[in-house]
Amino acid sequence: MIVLGIESSCDETAAAIVQDGTKILSSIVASQIEVHHKYGGVVPELASRMHIEAITPVVDEAVQKAAINIEDIDGVAATRGPGLIGALLVGFCFAKSFAWARQLPFAGVNHLEAHIYSLFLMDNKPKFPFIALVVSGGHTNIYHVTSYDNFELLGQTRDDAAGEAFDKVAKMLGIGYPGGPIIETLAKTKNPDAIMFPRTLLEKGSFDFSFSGIKSSVARYIHDKNITTKDEKAQVAASFQEAVIDVLSQKLINAAQHKKCLRIGIAGGVSANQTFVNKLSKRAKSKNIKVFSPPVELCGDNAAMIAARGYTMIQQGSLCTLDHDVFSRTKTD
Ligand code: KG4
Ligand code: ZN
């Protein structure tokens with residue numbers, strides 16, 4: 001079965017063609033970073049307009065790159081939420097109309113479940129059960145995953161998402177947007193333990209996160225020490241990144257031990273951070289736990305993961321009709 005996947009929940013317009021839920025025939029991502037860069041974050045109205053301009057060419061390109069004809073598509077999947085409403089509506093309505101016009105099954109996909117599905121697009125997939133972390137600009141959620149449809153939410157952030165903290169610290173340092181990759185690169189030259197920013201672990205046994213304390217502490221440090229040079233900024237970046245990685249790693253390993261899982265999968269934009277992947281893998285290995293992380297092109301928002309999740313939903317008959325709508329938040333957000 002060939003599925004067309006469409007993603008437009010935030011600032012990437014993406015389309016992909018995936019065969020039988022696992023084989024990526026094409027995956028096109030049109031990023032809007034250039035447009036939002038000067039505002040230091042995503043401007044929702046601009047994002048919606050950019051999606052409208054990009055959606056048709058991006059889908060055309062995905063079909064061409066996959067070397068298929070439109071008639072070969074057997075099903076359609078699009079992100080239904082969570083995300084920016086105006087942005088979601090563009091991809092979802094396009095997909096709905098496409099499916100309706102061609103009389104194809106249509107699945108409305110949960111963006112967070114789709115990030116977990118990026119792990120199933122790898123050759124070396126984690127076996128069930130495993131602990132999954134979806135860590136992006138909007139979410140920091142830990143799940144206990146026991147099947148292709150069973151995602152038990154164990155914890156989530158109570159304030160900022162980890163990626164959001166990266167973006168906000170980068171903004172404070174005046175080093176650009178999105179902050180994650182810039183901070184990771186800058187941090188490489190410095191000793192991560194030079195500044196001890198706080199690690200907020202919350203109550204014993206909780207798998208929730210809080211990153212606002214780390215963020216405020218960085219803001220105070222920048223102000224009090226009058227951080228201005230590139231060298232000083234790199235030091236703050238390294239120690240901030242270390243604090244975030246430490247908290248994420250501790251919680252993940254605690255969750256794996258609590259659920260007696262020997263596998264951890266990470267997904268979402270922040271999982272592209274190789275310093276995080278390496279440090280987590282090393283710590284987990286000492287507890288006999290293996291870490292799985294997708295290739296960089298599947299970490300951030302993409303439509304291959306949407307098509308992969310949509311494929312299982314279509315197989316199960318879990319479909320959307322023309323009456324279904326998008327949603328901005330999940331019940332747990
Ligand atoms: O999954 P994603 O592309 O979009 C959302 O659903 O939010 O994640 C984007 C987030 C941004 O906050 C960005 O700063 C962060 O992922 N990010 C990173 C890295 N690459 C992207 N954070 C830390 N290190 C990175 N290398
Ligand atoms: Zn995402």
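Every residue, even glycine, has its Cβ placed from backbone N, Cα and C.
Together with Val134, Val135, Ser136, Gly137, Gly138, Asp167, Gly180, Glu184, TrEMBL lists one candidate of Asn273, Asn278, Asn288 for binding substrate, that being Asn273.
The record from TrEMBL ties His111, His115 to Fe cation, and of the options Asp231, Asp246, Asp301 it ties Asp301 to that site too. Other residues of the chain with a Cβ within 8 Å of the Cβ centroid of His111, His115, Asp301, the Fe cation site, are Glu7, Ser9, Thr79, Leu112, Ala114, Val134, Ser136, Gly268, Asn302, Met305, Ile306. Shown are the binding-site residues Gly138, Gly180; of these, the residue with the fewest other Cβ atoms within 10 Å is Gly138. Within 10 Å of Asp301 (Fe cation binding site), counting CA to CA, the binding-site residues Val134, Ser136, Gly138, Gly180, Asn273 contribute Ser136. Counted within 10 Å of its Cβ, the other Cβ atoms near Ser136 (substrate binding site) come to 25, all protein chains included.
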